[in-house]
Amino acid sequence: MSEESNVQFSEREALLYHSEGRPGKIEIIASKPMATQRDLALAYSPGVAVPVRAIAEDPSLAYDYTAKGNLVAVISNGTAILGLGNLGALASKPVMEGKAVLFKRFADVDAIDLELNTEDVDRLIDAIELMEPSFGGINLEDIKSPECFIIEQTLRERMNIPVFHDDQHGTAIIAAAGLINALHLTGRSFKDTRIVMLGAGAAAIACAELIKAMGLPHDNLLMLDLTGVIYQGRQESMNQWKSAHAVDTDKRTLADALGGADVFIGLASANSLSPELLKTMAPNPIIFAMANPDPEISPPLAKAARPDAIIATGRSDYPNQVNNVLGFPFIFRGALDVRATTINDAMKIAAARALAELARQQVPEEVAAAYGTQHSFGPEYIIPAPFDPRLMELIPAAVAQAAMDSGVATKPIIDMAAYRQSLRARLNPTTSVLSLAYEGARANPKRVIFAEGEEEVVLRAAIAFKEGGYGIPVLVGRESVHERLQKLGANPEDFELHNSVNSPLVPRMVEFLYERLQRRGYLRRDIERMVNRDRNIFGALLLQLGEADAMITGVTRTYAETMRQIKRVIDYAEGRTAFGIHVLVGQSHTVFIADTTVNERPNTEELAAIAEGTAQVARRMGHEPRVAFLSYSNFGNPEGRWLDNVRGAIKLLDERSVEFEYEGEMSPDVALNPRQMAKYPFARLSGPANVLIMPGLQSANISAKLLRELGGDSMIGPMLIGMEKPVQIAPMTATASELVTLAVLAAGGIAR
Ligand SMILES: NC(=O)C1=CN([C@@H]2O[C@H](COP(=O)(O)OP(=O)(O)OC[C@H]3O[C@@H](n4cnc5c(N)ncnc54)[C@H](OP(=O)(O)O)[C@@H]3O)[C@@H](O)[C@H]2O)C=CC1
Ligand SMILES: CC(=O)C(=O)O
Ligand SMILES: [Mg+2]
């Protein structure tokens with residue numbers, strides 16, 4: 001929300017995000033079938049008695065028969081919520097729900113938030129200790145110092161599952177990783193670096209300890225709190241944890257401390273560092289302003305004062321996000337997978353080193369492509385971004401290995417290579433690619449036409465698109481759009497509006513379209529009417545005239561009607577068949593279904609082209625395509641009249657020697673269920689299909705819409721592929737966020 005950040009959103013939008021649909025950010029989903037009487041008898045009484053007795057006899061079986069082994073409690077009493085201070089347990093719930101969903105999103109760890117309404121250390125400790133049977137681990141969050149030190153230490157001693165105060169150790173691990181790389185880039189070593197740490201709370205004390213454990217001499221770190229420098233002999237506002245970092249010095253203020261210092265680490269509060277002070281730091285200073293949500297100093301101010309600095313913050317909207325989100329999901333993943341009894345220093349240091357190492361590696365092509373710019377190790381990239389898919393494979397593996405080596409793993413991993421493979425499979429690459437596509441859009445914002453500017457859902461999408469920094473919305477609509485934008489809390493002046501009634505572009509548009517359609521029997525008068533009245537034609541003409549990079553429409557007219565209008569202005573790309581893809585996205589799988597929107601009964605050539613085009617999109621979205629041509633029949637059984645096209649398409653792909661797996665014709669159960677597929681051992685797919693080519697529009701469109709309405713997974717699309725210009729037709733039921741996703745995919749060139 002800060003002015004200089006490249007992600008803008010209003011307070012209203014933040015509240016809407018949290019309240020829309022089901023309030024809050026989490027829900028619980030059953031992982032077993034619950035449909036029949038028999039299911040219920042197994043899930044609950046009487047069937048449930050069997051695992052109860054088994055666990056009573058052997059407690060370790062709780063990991064086999066309950067969710068314990070993958071379940072973490074995110075616990076707070078709200079006494080230090082981010083950098084916002086002590087706002088109480090209830091107010092901390094949005095942050096704790098947020099941490100819970102990050103656990104799931106980044107590392108497939110199930111997590112539940114628990115806000116406990118007490119500042120009494122003993123009551124808090126007792127309450128948490130009693131929860132040991134329920135969870136595989138405890139993540140303490142936003143509990144203020146010095147109480148947090150006693151709470152964590154006592155719980156670590158009393159509990160036999162990992163207890164980890166994220167603000168202490170999560171933060172320390174990430175800061176250490178960033179610092180390793182920043183020191184390396186500026187030719188320093190821990191031994192000869194002078195660090196000033198603003199803040200002497202949970203995060204700061206833990207960071208100081210870890211950095212010293214990595215080689216920083218005690219006297220090289222000056223720590224400050226609200227009272228000033230923590231020096232030996234200071235009496236005011238001290239405690240044993242601060243005392244441990246007291247230094248023999250006559251420096252008393254931040255200004256005294258910063259003179260000639262190499263590194264500033266802020267773990268204090270917003271705007272607590274003025275740019276003037278930075279000017280006295282050593283050449284090539286390192287500035288980690290880590291307070292959330294607003295840093296000790298904003299990066300643009302810091303950069304203006306010290307252009308030679310390496311700058312990091314806790315936020316995702318500037319380069320170098322040094323935030324514990326890079327740690328806790330992956331650290332717990334590794335700890336849970338070896339059933340570690342604790343998270344010890346060896347595991348923390350292993351995580352820090354693995355993170356630092358990852359930032360130095362070449363960024364993989366799909367990550368770089370989605371970023372829009374080449375990210376390579378340097379002052380603007382000292383630490384990987386949280387959605388880098390490699391984190392999930394590398395950090396848990398490093399943590400698990402360190403747990404095994406240091407003797408705290410109760411279930412060691414035998415085959416590390418297989419473990420790493422299983423980590424990869426836990427996350428759906430689509431989710432990473434989408435996150436990266438959003439990042440890419442922010443790095444390289446494009447102009448996108450929203451043709452139906454009078455619709456509220458479209459305006460909300462356009463506002464989100466703009467405020468998210470994903471690009472510049474170009475709105476098509478009448479005067480009333482101004483008023484509607486205002487009603488939604490946006491400033492109309494910030495938006496570009498094209499109204500066909502007064503657009504100076506109309507004569508050029510008419511010229512273009514008349515030239516195109518005159519030999520299809522249209523009179524100039526017909527064309528003028530179309531341009532003036534029809535927003536899809538007008539929008540498509542804006543695209544043709546180069547006024548924008550992509551176009552989104554679809555919520556006011558049926559798909560077929562919208563397509564008919566667009567085709568008057570925009571052709572299929574040369575030599576291509578246009579078609580539609582619906583993408584079904586689950587936690588760990590993605591399925592691409594085509595052609596769901598354009599060709600009623602695709603012929604041999606069209607089917608082959610649809611398969612090739614869909615395979616390309618699947619690759620762009622991070623998946624190695626395995627294409628199945630679907631039918632009611634398996635390899636000719638039963639015989640039927642409609643199978644020839646499919647057979648012909650497969651033959652064409654054979655002739656073209658395409659570089660992806662394809663097979664057919666086959667029924668969906670054979671394509672998707674490995675046991676069914678095993679009955680056809682000659683089939684050439686190396687695993688369940690992830691690209692389903694349908695024999696005709698009827699079956700394709702019906703299947704996609706059935707899945708959207710009845711299936712539990714989310715659906716992207718339809719994406720329109722193969723047009724001469726990037727134009728997307730959303731379903732009439734699209735939500736604002738679905739429209740934004742389509743806009744991002746269109747502008748970023750994934751949907752083409
Ligand atoms: N980027 C990241 O990943 C993380 C960032 N943080 C951020 O670190 C900050 C502290 O969090 P946490 O350690 O949990 O909180 P605590 O309440 O435990 O500690 C806060 C510390 O900051 C000091 N402090 C506050 N304001 C100032 C100031 N203006 N000048 C000097 N010292 C100040 C306090 O001083 P005193 O002792 O005198 O009261 C106290 O020592 C928050 O802003 C939080 O968002 C925390 C965790 C992770
Ligand atoms: C990131 C975090 O945990 C905090 O700011 O408190
Ligand atoms: Mg925190």
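Backbone N, Cα and C define each Cβ position, glycine as well.
Per TrEMBL, domain 'Malic enzyme N-terminal' is recorded for 23-156.
Here TrEMBL flags Ile81, Leu82, Gly83, Leu84, Gly85, Asn86, Leu87, Gly88 as NADP(+) binding site. Long-range Cβ contacts of Gly83 (NADP(+) binding site) within its own chain (separation 6+, distance under 8 Å): Ala268, Ser269, Ala270, Ala291, Asn292, Pro293, Asp294.
Taken from TrEMBL, the feature active site, proton acceptor covers Lys99. Long-range Cβ proximity for Lys99 (active site, proton acceptor), meaning a same-chain Cβ under 8 A and a gap of 6 or more residues, is found for Val74, Ala111, Asp113, Asn139, Glu141, Asp166, Phe328. According to DSSP, Lys99 (active site, proton acceptor) is assigned to a helical segment.
Among the features that TrEMBL reports, divalent metal cation binding site is placed at Glu141, Asp142, Asp167, Asn292. In the structure as shown, the Cβ atom of Asp142 (divalent metal cation binding site) sits within 10 Å of 28 other Cβ atoms.
Residues or ranges marked as domain 'Malic enzyme NAD-binding' by TrEMBL: 168-404. Mean model confidence for the domain 'Malic enzyme NAD-binding' (168-404) is a pLDDT of 94.
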Going by DSSP, is Leu87 (NADP(+) binding site) part of a helix, a strand, or coil?
coil
What does DSSP assign Asp167 (divalent metal cation binding site), in three states?
helix
Determine the recorded positions, out of Ile81, Leu84, Asn86, Leu87, Lys99, Asn292, lying near ligand 3 in the sense that the CB is under 6 Å from one of its atoms, and give them in sequence order.
none
Should we count any of the recorded positions Leu82, Gly85, Lys99, Asp167, Asn292 as near ligand 2, judged by a CB under 6 A from one of its atoms, and which?
Leu82, Asp167, Asn292
Between Ile81 (NADP(+) binding site) and Asp142 (divalent metal cation binding site), what is the CA-CA distance rounded to a whole number of Å?
5
Environment of Ile81, Leu82, Gly83, Leu84, Gly85, Asn86, Leu87, Gly88, the listed NADP(+) site - residues of the same chain whose CB lies within 8 A of the CB centroid
Gly78, Thr79, Ala80, Ala91, Ser92, Asp142
List the Cα distance (Å, whole number) between Asn86 (NADP(+) binding site) and Asp167 (divalent metal cation binding site).
15
